Structures are given as structure tokens and as C-alpha cells.
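Record features, source TrEMBL:
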- 40-286: domain 'G-protein coupled receptors family 1 profile' (DOMAIN)
- 26-46: transmembrane segment (TRANSMEM)
- 58-77: transmembrane segment (TRANSMEM)
- 97-119: transmembrane segment (TRANSMEM)
- 139-157: transmembrane segment (TRANSMEM)
- 204-224: transmembrane segment (TRANSMEM)
- 236-258: transmembrane segment (TRANSMEM)
- 270-288: transmembrane segment (TRANSMEM)
Amino acid sequence: IGKEISSSMKEFILLSLSENQGLQKIYFVVFLVFYMLTVAGNLVVLTVTSSRHLNSPMYFFLSHLSFVDICYSSVTAPQMISGFLVENNTISFAGCIGQLFGVHFFGCTEIFILTAMAYDRCVAICRPLHYPALMSRRLCGRMVGVSWAGGFLHSTLQTLPIALLPFCGPNKVAHYFCDVHPLLHLACADTRAEGLAAVANSGVISLSCFLILVTSYVVILVSLRGQTLVGWHKALSTCGSHITVVILFFGPTTFVYIRPSGDLSEDRSVAVFYTLITPMLNPLIYTLQNGEVKGAMRKLCRRKV
């Protein structure tokens, strides 16, 4: 019966960030620019990190992070931007479920890649002489493969229960993209179990990865005891970009997903940060604080010229 009712819901209406028509036109221009910068910036990083001069594991992970950021933003941003120009921003039931899957697939994959990058930095600083042997190309490939597989598994576990719920109206999603909590509010059934499962799923992944990240930074700080000021600066400068990205990404996602569904309007505002702002800032953060990337970019520009 649930499948029959779900299939009868042909489309959903996504809400905008604002009901003010004047603000919507401003948002259209602003977020279109943000999205274009996100795609362009991460494409530049992908191009630069493919250089033979940047062949360390850190740049291998960075290239995958940039690819994930492009996909992650592309799942939500185009639908949101086009919605500023129409009265009702509609999305089909299949498109909504696909968007839900994509958001959690790429979002969770990014969390795992950031965790892998933290391990890479920890080994590079704490075991510099053994770094090439410990972080072999095969191990890096396996870590990235596990990140993609883990993202797929998490997204499947989040999406499948939602797709099987009965939806019989209303069909206004209180968000600018299809996500777990807004869809649970629309289901014509008791969704407390699904809501708790969704929070537990996201909570276990986010908290465990966050603990791994914190542990890696503690290990790095302990290993730097007795080092000179120059040694501290050199070691921490390699982690500065990663710490900044982790704070920008984990902060908003933790606020939205590791708690029961509450004020969805707050979730809508906070979600802008981790779906668009952070993917846009990642290329700037890594290029501005990384001399090797800036050097490779200069060489690439001179070659093109």
C-alpha cells in the first residue's frame, strides 16, 4: 500500500529561501555567482592537482575532494537557483528521492575523505621518514574507495526508508532541496522510528569521524613537543587548511543532522553553508595557504599563456 500511495504523489514543491520577490532576484544573482565560482574553483584545483609535480597523497585526496564538492553543489544549487525565477519550484517524486540520495552520498563521501586527509597529515608530521612507505599509492586508493563505498551505503540507508513511506499530501517541502527531516514531516505515517534511525545513522558517522579528526590533531600536537618554533609553524601550516575546512563543513552539518527535526527554517539557512559556501571556499582555502599549489597554478598559467 505504501508503494501505491507514494507513486500517487507525482511531485513536490520546494520552498525558497525567501518569499520576498525582490530578495529572490538578488538571491538568484548571488547564488548563481557562488555556484559558478564553486565549479570553476574546484575545476582549477582538479587541473592543478593532476600535475606531475604534485604527486603526494595529499593532492590525490584533494583532487577527489574537489570532484566531490562539484557534484555535491550540483545536486542542490541548480534546483535552488532556478526556483528563484518561478512561482512554484517543483520536483518530481523520483527527482526528489534522487536528490536526497545524492546529497547524502556526496556529503558522506566528503566526510570520509576529510577523515582520510587528517590521517595523511598525521602520518606526514609524526612519521616523516616512514611517510612514503606508510602512505603508498595502493593504500590511498583503498582509502578513497572506502570513502565512496561508505558514502553509498550511508545514502542507501538514509534514502530507502524515505522512498517507501506513504506520501498523500501536502506536498510542500519546507526546504530548498529534498532532505530527510522535511520529507518525514510530509509522510502520512508515524515516522518516529525513521527519524531516530536517520539521526543515529548520521550521528554515528559524524561523531566517529569527528573523534578521529580530533585524535589525529592531538597526536600531532603531542608529537611536536620539544620542536622549535620553526618546526611548529611548518607542521601546523600543513594542517591549517584542513582544520579550516573541517570546521566549516562539520559545524553546519552537525547542527542539522545530529539532532531531532526542529525548526526547518533554521535548517534551510544553515544548509546553504555546507551545500554551497564551503565547497566554494575549499579551493580558496587550499590554494591561499599552500605554496606548492600556488606554484603549480603559476606554472599552469604561464604554460597556457
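Any Cβ shown, glycine's included, is placed from N, Cα and C.
Unlike curated records, TrEMBL annotations are generated automatically.
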Looking only at the domain 'G-protein coupled receptors family 1 profile' (40-286), report the model's average pLDDT.
85
Go through the chain and flag residues at least 6 beyond the ends of the transmembrane segment (26-46) whose CB is under 8 A from any CB in it; none is fine as an answer.
16-18, 62-63, 66-67, 69-70, 73-74, 77-78, 80-81, 84-85, 276-277, 279-280, 282-284, 286-287, 293, 297
With pairs 6 or more apart in sequence, are the transmembrane segment (139-157) and the transmembrane segment (270-288) linked by at least 3 Cβ pairs under 8 Å?
no
